[in-house]
C-alpha cells in the first residue's frame, strides 16, 4: 500500500532539499490563488447578466418558476444555464469579491508573529487543507444566500492571510542570500495559479456548471496539502532527510543574521523606520495593481471587451503568465547582480522599481489613450502586469533585507496594509461602472491604478534601503 509513496519520497530526496522546498512554496502560492481568484470568473455565471438599456427580461416559455431564474432571455439572447443564478446586484457582487480580503486583512497582521513563534510548516499546511474544505462548501453557501457566501469567503480569506508571512519565514531559513531572488520568485506561484485557474474554471463552467469550478480546485488543494507535509520542514535543521552537506551550506551562508531564539518584533522601531515605511507604501501600490486585475479583469474582458466566459478567463490569465515568466527572469538577473557585486542591494531594490512599478503604471496610462481594440487592450494589460514581475526584486524581497529575523512579521504588516486594496478596488470599480460597464467609465479606474503604481515607487527610491537594519539584532 505504501510502496508508491516510499518510492516517491526516495525520488524527491535525490534532488537538493531546498529545491524541493522552493517547489512547494510555488505550489502553496498556486493553490492559494486558485482558491482566491476562482470567484472572479465563477460569479459571472452565478448572477443575472447586466441588462442592456431598454432590454426586457422575459422568462422562456414552458418553464417552471424555479427554472425561470436559470433560463431567461435578454432581448433576443438566451442566458446560458450554468447552474442556479442569484439576484445579486453589482454592489452585492463587489462585496462578495471583496469579502476574501476582509478575512485576509484580519489574519495577515499576526500571521508573521505566529510563524516566527510556531513555525511556517503547520501554518501553511493547515491553511491549504481547510481552504480546500471551504471551497468545496461554496455552492452550499451560495444556496443559503449572499451573506452565507460572504461568510465563506471571509473565512477563506482568514486562512489565506496566514500563508505568505509563513512562507517568508520559511524563505528566511531556507534560502542562501545568493538564491533569495529565485526563492522569492517561487512566490509567483500565485500568479501562475491565476494563469491556470481562470481558463480552467471558464471551461468547467461551460461544460459542467459553475459548482464544479469550486469542487475541482478544492480537490487539487487537498492533494497539495498532503504533499506539503511530506516535503517541507520548518528549517534545514528540522528536516528529517536533508543531506548534512546541504544543511551546513545553508546555515553557513545565512551566518548570524537569523537568531535561534524566539524574538518579539520591534514594533516601535518599525513605526519610526523610513526604509520600512517606504516598503509599506511600495507594497501597497503593488497589491493595488495586482488585486485590481484579479477582481476586475474578468469583468472588464467580458462586459467591456465582449469576450465569452471561457475566452475571458483565458485572456484575463495572460497578464499573470507574463508576470510569472518575468518574475523568474528578473529574480535570476537580480541574483547575478548580487552574487557578482555589480550593484549594492539597495541599488538593486531601487533601480528595479522602474520595472516593477513605474513602467506598469505608464502602461495603464497608455491604456486610456490607445484606442479601443480588444486585443490591444489585452496586450497592454499583459505588458503592465508582466513588468510587475520585477517585484520579486523590490517589495517582495525587501523584508528579507531589512530584518531576516522578522521577515514574516514585516511581510505580515505590509500585507495587512496592502490587502486593503483588495476590497477597496472592487467597490471603486462598482462605483465607476454602476450605470454601464463601458471603456469611458473604466478610464478613471485605470488612471487611479497608474497613480497607485508610480507614486509609491518614487517614495521608495527616496527613502528605501536594502541593508539589514539595526533593530533586526536581538538585544
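Using N, Cα and C of the backbone, Cβ positions are placed for all residues, glycine too.
If you check TrEMBL, you get these features:
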type	residues	note
TRANSMEM	21-39	transmembrane segment
DOMAIN	24-468	domain 'Major facilitator superfamily (MFS) profile'
TRANSMEM	95-115	transmembrane segment
TRANSMEM	122-142	transmembrane segment
TRANSMEM	154-171	transmembrane segment
TRANSMEM	183-205	transmembrane segment
TRANSMEM	211-233	transmembrane segment
TRANSMEM	276-294	transmembrane segment
TRANSMEM	314-331	transmembrane segment
TRANSMEM	352-372	transmembrane segment
TRANSMEM	408-432	transmembrane segment
TRANSMEM	444-465	transmembrane segment
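Under the criterion of 3 or more C-beta pairs below 8 Å, with sequence separation of 6 or more, the transmembrane segment (183-205) and the transmembrane segment (95-115) do not qualify as touching, having fewer than 3 such pairs.
Residues 96-97, 100, 124, 127-128, 131-132, 135, 138, 153, 156-157, 160, 163-164, 167, 170-171, 174-175, 182-183, 186-194, 196-198, 201, 213-214, 217-218, 220-221, 224, 227-228, 231-233, 294 of the same chain, all 6+ positions outside the transmembrane segment (21-39), place their C-beta atoms under 8 angstroms from a C-beta of that stretch.
If you count C-beta pairs under 8 angstroms between the transmembrane segment (122-142) and each of 95-115, 211-233, 352-372, 408-432, the highest count goes to 211-233. Listed by sequence, the residues of this chain that lie at least six past the ends of the transmembrane segment (95-115) yet keep a Cβ under 8 A from its Cβ atoms are 36, 39-40, 43, 88, 123, 146, 149-151, 153-166, 168-170, 265, 291, 295, 406-413, 415-416, 419-424, 426-427.
Among the recorded stretches 154-171, 211-233, 276-294, 352-372, 444-465, the one sharing the largest number of Cβ pairs closer than 8 Å with the transmembrane segment (408-432) is 276-294. Residues 282, 285-286, 289, 330, 334, 380-381, 383-385, 387-391, 393-395, 439, 443, 446-447, 449-454, 456-457, 460-461 of the same chain, all 6+ positions outside the transmembrane segment (352-372), place their C-beta atoms under 8 angstroms from a C-beta of that stretch.
Packing against the transmembrane segment (276-294) from elsewhere in the chain are residues 36-37, 40, 101, 194, 270, 316, 319, 353, 356-357, 360-361, 364, 381, 384-385, 388, 391, 394-396, 398-399, 402, 410, 413-415, 417-422, 425, 429, 445, 449, 452-457, 459-460, 462-465, 469: each is 6 or more residues past its ends and has a CB under 8 Å from a CB in it. Proximity of distant same-chain residues to the transmembrane segment (444-465), defined by a Cβ-Cβ separation under 8 Å and at least 6 residues beyond the stretch ends, is recorded for 274-275, 277-279, 281-282, 284-286, 288-289, 292, 296, 346, 349-350, 353-354, 356-358, 360-362, 364-365, 367-368, 388, 394-395, 398, 401-402, 421, 428-429, 432-433.
Same-chain residues lying 6 or more positions outside the transmembrane segment (211-233) and placing a CB less than 8 Å from one of its CB atoms are 9, 12, 20-21, 23-24, 27-28, 30-31, 34-35, 38, 41-42, 45, 83, 121, 124-125, 128-129, 131-133, 135-136, 138-139, 170, 197, 200-201, 204-205, 239-240, 242.
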